[in-house]
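Notes follow the structure.
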Amino acid sequence: MVPSPPPHAPTAPWRRELRACAALSLPLVVTNAIEMAMNLTNAAFVGRIAPEALAAVTLALALYSVALTFGIGLTAAVSPLISAEVGRTGGRGPAARRVVQGGLWNAALIVGPIWLILWRAEPILRAAGQEPALARAAGAYLHVMQWGLLPVLVYLVLRSMLAALERPRWAVMTGVLGIAVNAGLNAALIGGGLGLPALGVAGSALATLLSNLFMAAVLAGAVLLDPRLRDLRLLGGIARPPVAACAALWRVGLPIGIGVMLETGAFAAATGLVGAHDPAALPAHAIALQVASFTFMVPLGIAQAVSVRVGRAAGAGDAAGVGRAGWAGLALGLGTMAATALAMLALPGPIIGLFLDPATPGAGAVARTATALLALAGAFQIADGAQVVLAGMLRGLQDTRAPMVIAGVGYWCFGVPIAALLAPRYAAPGVWVGLLAGLFAVAAMLLWRWRFRRPPGGPAPSR
């Protein structure tokens, strides 16, 4: 059983752990927010073309996200494996290099099949019941954007390594440059500028592709040239796949990828339900989903940090440290998501104004629906923050199979069925109520799993 915070425990170790978790979380949150800001930037630029253009990009990103999450699972496994090694040995030896190289090899292995799926986006979306015009526009968007998938995975492998070593500075700096490049390219390519033709929605896809290439190249260069990381010799023997590291990444990362895919698939299914039952609500759904996804970057960064902290304590065999790291991270995540929930409930107008030009035809109806959806998004901030931080806590223990099963049960036995049941009568708000139910179910089951999970060197679970 993972130790709970004792009622009269000395506060100094807990304060130190909370500070350490917050210090590591901050740059990871910033990095996540910057990466998410690329999608927000795309949505903001595309939304000013027409609501239909924003709806098409939303459908495209929903399918792209489902495909990407499989790769994200393998890259996410890099962090707990390196963290455990740091806890055991202080990070000395070739283990970190082998794990990073394994992550790069795995990325190259999986990207081809994902490209084939994304190339068939239009028929997939049409088979899912989307309007032919929207499916065609979304498919055209993905035909350009999909080629940025490999550089995204390379970037994520390197970022996970830096997080595990508690050196996330280069990822933050690269992300800042990347969002600036993406915004500039969107402005130039969508409407035309700097002598370039106006490409419309396709220009936004090309801007994202070029930005992904830029970020991967810059972060790789920074990691290879940083004298503090030179001892890792990341390119040493890279031509020969590290079979053991690749296998370990699949063992830990495959359940992560499937679990995140189940979650992302549930949100993609929600988008499909909105599109099938109330296509006019898709722009409002897109706005609420983009805002909720952006605020989600905060607990996601905390989850990444707590995974590192729990992993280090587990690698050192410190059961009490595992408990402190986990509970401190959960408290931090719940506190921050309570703040974002209040912001959504109190400031819907200014938030919606970031995505919607009031002069655009139909903007008033979109704004009214988006306001209702933001209220629901605010309500599930707590559950969303809790479930992702709890998953990160378990990931630090390399416990990934049970969270995968929990995600399947929570999202696909509760969330999506309830959304499908409510969608015909309540349209988009009914779909969001279903998402809320799924998130609370997942959070509750993950909390139970953490509470009775046996940490390294700790007592057996209670019976």
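Cβ coordinates are placed from backbone N, Cα and C, and glycine is handled just like the others.
As recorded in TrEMBL:
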TRANSMEM  53-78  transmembrane segment
TRANSMEM  99-118  transmembrane segment
TRANSMEM  138-158  transmembrane segment
TRANSMEM  170-192  transmembrane segment
TRANSMEM  198-225  transmembrane segment
TRANSMEM  237-262  transmembrane segment
TRANSMEM  282-306  transmembrane segment
TRANSMEM  327-352  transmembrane segment
TRANSMEM  372-392  transmembrane segment
TRANSMEM  404-423  transmembrane segment
TRANSMEM  429-448  transmembrane segment
Quick one: do the transmembrane segment (404-423) and the transmembrane segment (170-192) reach 3+ CB pairs under 8 Å, ignoring pairs fewer than 6 apart in sequence?
no
With Cβ-Cβ distances below 8 Å as the criterion, list the same-chain residues six or more beyond the ends of the transmembrane segment (327-352) that contact it, or say none.
4-5, 14, 17-18, 21-22, 25, 287, 291, 295, 298-299, 302-303, 305-306, 309-310, 367, 370-371, 374-375, 377-379, 381-382, 384-386, 388-390, 392-393
Counting only pairs at least 6 apart in sequence, do the transmembrane segment (282-306) and the transmembrane segment (372-392) share 3+ Cβ pairs under 8 Å?
yes
Can you say which of 53-78, 170-192, 198-225, 372-392 has the most Cβ pairs under 8 Å with the transmembrane segment (237-262)?
53-78
Long-range neighbours of the transmembrane segment (53-78), counting only residues six or more past its ends (CB under 8 A):
39, 42-43, 46-47, 99-100, 103, 106-107, 110-111, 114, 117-118, 121, 124-125, 130, 134-135, 137-139, 141-142, 145-146, 149, 152-153, 156-157, 159-161, 164, 200-201, 204-205, 248-250, 252-261, 263-265, 267-268, 271-272, 275, 279, 282-283, 285-286, 289, 355, 395, 400
Same-chain residue ranges lying at least 6 outside the transmembrane segment (372-392) that approach it to Cβ under 8 Å:
259, 284-285, 287-289, 291-292, 295-296, 298-300, 302-307, 310, 329-330, 332-334, 336-338, 340-345, 348, 351-352, 403, 410, 428-429, 432-433, 435-436, 439-440, 442-443, 446-447, 449-450
